[in-house]
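First the structure, then my questions, so here it is.
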Amino acid sequence: MIQAMPSAPTVDFKDPAYYFNRELSWLAFNQRVLHEGLDDRTPLLERLKFLAIFCSNLDEFFMVRVAGLKQQVEANVTKLTADGRTPSQQLKEISKSLRPLVYQQNQVFEYVLKEKLADEGIFLNDYVDLSQEERQYLHQFYDDHIFPVLTPLAVDPSHPFPYISNLSLNLGVVVRDPDTDEELFARVKVPPTLPRFVALPEDVCQPDPNKPWLWTGVPLEQVIAHNLASLFPGMIIQECHLFRVTRNADIAVEEDEADDLLLAIEEELRKRRVGKSAVRLEINASTPKNIRDRLMTDLGLEEIDVYDIDGLLGLKDLFFFLSLPAPHLKDEPWASVIPPRLKHVYEFVDGDEDGRVQQEGIDIFTLIRQGDILVHHPYQSFTASVQQFITQAAYDPHVLTIKMTLYRTSGDSPIVNALIAAAENGKQVAVLVELKARFDEENNINWARKLEQYGVHVVYGLVGLKTHTKTVLVVRQEGPDIRRYVHIGTGNYNPKTAKLYTDLGLITCRPELGNDLTNLFNFLTGYSRQKDYQKLLVAPVNMRERMVAMIEREADHCLNGGTGRIVAKMNSLVDTQIIRALYAASQAGVQIDLIVRGICCLRPGVENVSENIRVISVIGRLLEHSRIFYFHNGGEEEIYIGSADWMSRNLTRRVEAVVPVEQPDLKQELQSILGILLADNRQAWELQPDGTYVQRRPASPEQSQSSQAIFTAQAIAETTEDPELRSV
């Protein structure tokens, strides 16, 4: 344990002043995402993408985090967070902090980006500004394609307020009966089955031939709003206003009471679709008070839950514009490269009626026996490394068993198809499919059923725990011996997100790791109560204890006259035990650099507490997702990668695995990655003691150092030196 420094003042690390609020820290993260959309150094259509991500992130935040806080308020929960706030206080501060960001998002889109789009020949017009010819075209389009799928729902004593589905766009329509002069209210849902933006053909919009033109269109809801007469014949349309509702979408299952977890999750998904309580109302800023009050009452919301939007609602639909053929307005495309160690690995290709055949080359197992392989995605190809490892295992005649954890995968997953092929080839295949992966529950249920149909042993996880670890175990017969090959990573087995997220993975056949992973899978699929592992750090078994011990060890080195150094990269830092250990280490003189993309509850730079701790966040083209933990250890350096963040949920309520990387060249590679990230002055933000983030700016464009650009350039340089490394 760390001993108190004689000169260190006594500090109560439980003092709320030493912690940032989790929810407000997350909002600060999303503000950094928004900034990418505001930054004129970002390509134009990529700026729209970041506005869409900002909106999509907020949707999930309200569906889960705000919904949870509201449930706590309703249950009269008054327990304080580490930063000293009640649930009610957090809701008020979320609302106060978020409103300027939402306003900023809409202002920059309506008054900056739309003009820039027009300069590039992309016109998102308002219906009121259209020519007569354009209106005639849209009226016919409405009759042919929109009107047949609309359903007006009256609201009166005989027609109760209709159910408003989660995240749907709706028109609140006020009509007047000319016979009785009575005003009536109706709701019209904007069909989610139709494109959000209706394109106008070139011959209709007639663009200026002397200016660039690529696309012209109008929001779908405006086309509906200006053609409502056909929905309410005989009525006078008084007004209509767009609104959007967000509902609680979290899933709660009493696992110990569920006879069949899959069926229980399915039932909760049905409840999510049918609808839980509303948590947010987004509404046009011009909506009159009587309509606003009516919606609030019918949805059970208060003023704090209502967000006035001056412009387009539901900006996550801006993802559409990334599909336009305008490469000059997007990030420069590039392809992942084949890791140098794997360039001569054979691939399986479609064969004759006997199935797949292999090309000439070296099998991946031979290469793994020659030394561990570290892969860095997306700079190095997931398909040519991890996916290839699993595919070869599926077809290799010497492989006996494949075991794997699946947390999230793609809709047309080649990983799942390889596991099915392995089962069909007579191998024993066991897969833990985590049914509780938020917003991927339905996808995972479908994969679980498909795997079971082909004879794969499928388990759904452990009661009370989410299995978040990213692990594969392959058991292979090699002569008289059995050898175990493993992959342990930081990211999901998803070829699509592997192109967008930065992640790391270790492929090895080190016996102690094979033994550890065997014990871990026995823990996941059977009744094993493994309490310790030779090499792996496993949550909830020993990870927090070991992490705290390694932090304390660095402090001990300092207290004994040596050097202490910690560098850790993760998505979020929330766990108070870890934070207190870091504070104590900082007091002892340990130099600590933290690369935390999202939530950070640790307050850096506080005198006599955390003046030796620096925190940066890297936000860029790719989502930083890898977790790396470096400890100097008196010169006997240790470095780990894995699936866990330093969050209480990861360390106590999830199954996680973190692995030491011990091969010297790979340790050096990981240290180089950390060094490049820490030197980033293009996409890095520094966390200040007051909770604000300040973006680093190079003194000149020539001095710009973007870590993601450097990693990309390094990968491309490898292909320049060796064209065989270009990924297919």
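Even glycines carry a Cβ here, placed using N, Cα and C.
Heads up, here are the entries from Swiss-Prot:
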BINDING   Asn57, Tyr501, Arg597, His625  ATP binding site
BINDING   Arg408, Arg438  Mg(2+) binding site
ACT_SITE  His468  active site, phosphohistidine intermediate
REGION    694-728  region 'Disordered'
COMPBIAS  695-709  compositional bias 'Low complexity'
For the compositional bias 'Low complexity' (695-709), how many residues does DSSP put in helix, in strand and in coil?
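The counts are 6 helix, 1 strand, 8 coil.
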For the recorded ATP site, enumerate neighbouring residues of the same chain (Cβ within 8 Å of the Cβ centroid of Asn57, Tyr501, Arg597, His625, site residues themselves excluded), in sequence order.
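After dropping the recorded site residues, what remains is Asn571, Gly598, Leu623, Glu624.
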Express the distance between the Cα positions of His625 (ATP binding site) and His468 (active site, phosphohistidine intermediate) as a whole number of Å.
13
Here are the recorded positions: Arg408, His468, Arg597. Which has the lowest count of other Cβ atoms within 10 Å?
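Least crowded of the recorded positions Arg408, His468, Arg597, by Cβ count within 10 Å, is Arg408.
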Please give me the recorded positions out of Asn57, His468, Tyr501, Arg597 that lie within 10 Å of Arg408 (Mg(2+) binding site), comparing Cα atoms only.
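So the list reads His468.
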My understanding is the cutoff is Cβ-Cβ under 8 Å with a sequence separation of 6 or more in the same chain; which residues meet that for Tyr501 (ATP binding site)?
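Once residues fewer than 6 apart are set aside, Tyr501 (ATP binding site) is near His377, Pro378, Gly491, Leu622, Leu623, Glu624, His625.
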Count the other Cβ atoms sitting within 10 Å of the Cβ of His625 (ATP binding site), across every protein chain shown.
21
Are there any residues at least 6 positions away along the chain from Asn57 (ATP binding site) with a Cβ closer than 8 Å to its Cβ? List them or say none.
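Expected: Asn30, Val33.
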Roughly how many Å separate the Cα of His468 (active site, phosphohistidine intermediate) from that of Arg597 (ATP binding site), to the nearest whole number?
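So the alpha carbons of His468 (active site, phosphohistidine intermediate) and Arg597 (ATP binding site) sit roughly 19 Å from each other.
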What kind of secondary structure is Tyr501 (ATP binding site) part of, going by DSSP in three states?
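Once the DSSP labels are grouped into three classes, Tyr501 (ATP binding site) ends up as strand.
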Assuming the binding residues for ATP are exactly those in the record, Asn57, Tyr501, Arg597, His625, what is the maximum CA-CA distance in angstrom, rounded?
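Binding-site diameter by Cα atoms for ATP: 16 Å.
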